[in-house]
Amino acid sequence: MFYNEKTGAVPPVPSNLNANTWHTVDLQPAPQLQPHAHTAPTVTPYLGLRARLSQLWFNRWTILLILVLVRVLILTAGLNDNIGDAKTKALSACTKVEDIGSAMASMPHYLSVGVNSMAADGITKTVSGMVKMLMMILTGVENLILFIINMYVGTYACLIAALIHGGLDVSVKVVEGATKVMNDAIGTITGQITESISDVQDAINKIPDTISSFLGGVDFDLPKIDITKNLDDLENIKINSNELVRDIVALNKTIPTFDQVENFTKNAIAIPFNFLKEQVNSSFGSYKFDDSVFPVAEKQALSFCSNNSFLNDFFETLFNVVRTAKIAFCVAIPILAVLAIVGMGYLEIQRWRREKQRSREFTERGYDPMDVVYLSSRPVTGGFGLWLSAKFKSVKKQLLVRWTIAYGTSLPALFVLSLAFAGLFSCLCQFIILRSIQKEAPALANQVGDFAGDVVGTLQQVSTNWADDANGVIIKLQDDINDDMFGWVSNATTAVNDTLNTFDDEIDKAITAVFKDTILFNTARNLVGCLITRKIETVQEGLTWVHDNAHVTLPLFANDVFSQGANNSVNGDSDLTSFLASPSSVTTDEITSAVNQVITKLEHGIVQEALISTALLLVYVIVVLSGAVRALVASAQKEKTRGEGGEQYGVKAPGSRGSSSASSGNSDNHHYHHHHDNSAPSDFDRKGVIYAGSVKRGRPGPERWPSHARKSSYPEVEGPDH
């Protein structure tokens, strides 16, 4: 029995009336076990094993996993709605891009009409200018040829005429001079002959006289030489120079002037040129190209959204990803919940067995009631605290370590920690879904990036088809011009060559007719051949070159006439920010932004939940750190001695003996320890530490003494039953 001095109880019996000395009094008597109500094995005021196992299906971890599953289901439902909205926006944006692309791909249809008109007008003016230029060239060439022929013919006709006339004049002068000399010579010779004959006649006349005198006067007559008449006849001979040069004078009058050759050549050369001019004028004089023969590019209706199932397939893939993730989590999380139920069931069975064992130990021995309650309610964390505290030798540190573990594993702290883990696990599940969606997003971006390429490819194809058809028309016109106009030029050059050959033949005939039987024939022929024929051959070579190269090559349309600008824009040559100039910033932003919004929204939700879960985890860490700091501070405080009112922390484990007073030598009497039975040691004995009294704080309560003990100044030492 105990009493309180302040309540007016009967004071204790003085010590001098006690048979034993105070040394024999056990200041810490064995605790008196309190009787408890009788309980049947099947009817108890507490939950038995079956009752506890019946509540395993809604244990803490299962409930948290179910909450995570509910969060995932809510997320997938929201994702399906968001993906549906994104699909609608993407299809709308894709349709807009499709309309823009169709309009751009149809631009050749509208541009080709103007290009055809411009090309037709250019061809008309080109042909008209070519006709005018050809007419001027033909006229110029014709007159140039005639000028050269006239120059050659006139020059050499004058040279030949001068040569002939000069030769004839020389011949006439020579004949006249020779005739005069001969006539003068005949008169002189006749006079000299007459004088000589007169002298001879005088001599002959003296001969008879001499002979007569010599013969004595015989007279005889000698015949007289009379040649006077003959000399008169000889003197009367006159050479007429006119008769001698009559043929030469007649030849001089018959020298040709080549007018016939010139006129013939002029008429012959004019024939092909006039024919060519008439053909050119009749065919291309009023030429106008018909632009209707040019093709018109067809309109293009791009359908990379309408007929292309990529977008639908992409979003169906996203729906399938969400559906698969939903099914996976609906399967995995319940499995984890079942495993949690199984694990918690196993732990509950172990806890039940451990509680039954400890209840017997707690019943058979005296322990700190609070420690008993704690170890009974928290066997796992309490056991972990016992295991960890056994590593320290100081009893106080052992108590503080156990207190720290108990503080950090209290129900509120573990509730915060479980919420943090559940939130992080939920974020992990959402992150898995996010990564699955992000993995599919680049495929959409790549496909959208190809839309611009599809437009440019269509433009290129349309441009190529139109250019091929238009170039076919131009090539046909080019062939017509080469076959008609320049074919006539070829014919004209051939005719001119033939005419020049005829001209050469006519000149040769004229020279032959004039100089055939004269000594000037070869000279005149060689002179004309050197000065005229070789020049004609040179002109013929030029006409042959014209004949071989008389064709025109019209410029053709390039295959990228309508797509070059678009292609340059896609390749980055344009500074414009347009569908083609920057497809990544326009097309991708228009279409993929819908998916990016879903991803961004999901990311923001994950980040928010992760921050909340991290905040809860930090709260738990702060709680643990505050408990650890409090334990460290308590461990560092200087302890009071027992005489100063200090506290005794705990007792030795059951079965271990405390040392007795050295002076008494009686091992059965202890001042501060209980007598305990050494039988049936528990796991607490092996750990070397048990319960321990609580560290006192606050205002101390009234002191108590046993009714059989005298009042003493020693403070009462609390036993484990207090």
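Each Cβ is built from the backbone N, Cα and C atoms, and glycine gets one as well.
Judged by membrane topology as recorded in Swiss-Prot, C94 sits across the membrane from F284.
Sequence-distant contacts of N281 (N-linked glycosylation site), defined by Cβ-Cβ distance under 8 angstroms and a gap of at least six in the same chain, are V131, M135.
By a simple count of nearby Cβ atoms, those within 10 Å, the most crowded of the glycosylation sites N263, N497 is N497. Using a Cβ-Cβ cut-off under 8 Å and counting only residues 6 or more beyond its ends in the same chain, the transmembrane segment (327-347) has close neighbours at 53, 56-57, 59, 61-62, 65-66, 68-69, 72-73, 380, 429. For the pair formed by N497 (N-linked glycosylation site) and N263 (N-linked glycosylation site), distance between Cα atoms is given as 17 Å, rounded to the nearest Å. Non-local neighbours of the transmembrane segment (414-434) in the same chain are 60-61, 64-65, 67-68, 71-72, 75-76, 79, 321-322, 325, 329, 599, 602-603, 605-606, 609-610, 612-614, 616-617, 619-620, 623; each lies 6+ residues outside the stretch with a CB under 8 Å from one of its CB atoms. Here the topological domain 'Cytoplasmic' (82-143) has, by DSSP, the following mix of helix, strand and coil residues: 61 helix, 0 strand, 1 coil.
In the predicted structure, the topological domain 'Cytoplasmic' (348-413) carries a mean pLDDT of 71. DSSP gives N281 (N-linked glycosylation site) a helix state.
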